[in-house]
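Single-structure report; data block below.
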Amino acid sequence: MNGKSKTSKSTPLLGKYELGRLLGRGTFAKVYLAHPLTGGEPVAVKVIDKAEVMDMEGMAPRVLREVVAMRRLRHPGVLRLHEVLATRSRIYLVMELAPRGDLQSMLAALPNRRFSEKAARRVFVQLTAALAHCHARGVTHRDVKPQNVLLDSAGNLKVSDFGLSALPDTLRDDGRLHTACGTPAYAAPEVLRH
């Protein structure tokens, strides 16, 4: 298989991309490998069904937050959003492709499921640099976990999935966030105490 296998005999996505194989799926979206019709590097396209998002409480603001957050961020350690396309029934987030999967899968494949000290240091440096950039731009991720840290072709980290992120307009008068969210197993203890 050459990576350009079609998922169906459909026309190109809005005259811009040829969708390829399914890369993954989430609660309300599927992510496909896609190739620009004009050539260039392959991308990932998150396909969101508008009807499903509207039927699920809290999902429409989550999609909007993800788009707003990703548009604010330009850093080598943050998955880049190239463009947003839409039809009457779907939203398409065209993003940088991270072909080596996520950090969780990488860890699972390692002996003893842990990094060497050198590899752990590299992960820590890249992740903290990416999150520092997010915070400097007013974006708090709120769901950092190995499944939301992707790897590019060189093995560099890419923070992804900004659907639960908080932006400056979600802060209270005291300048703090007051909504606990994310994955409890990866949350800071102080978040779980409140």
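Here the Cβ of each residue, glycine as well, is placed from N, Cα and C on the backbone.
Within the model, the domain 'Protein kinase' (17-194) carries an average pLDDT of 88. The domain 'Protein kinase' annotation in TrEMBL covers 17-194.
Residues near LYS46 (ATP binding site) in space but far in sequence (CB under 8 A, at least 6 apart, same chain), listed by position: ALA29, LYS30, VAL31, TYR92, LEU93, MET95. Summarising the annotation, TrEMBL assigns ATP binding site to LYS46.
A strand conformation is recorded for LYS46 (ATP binding site) in the three-state DSSP classification.
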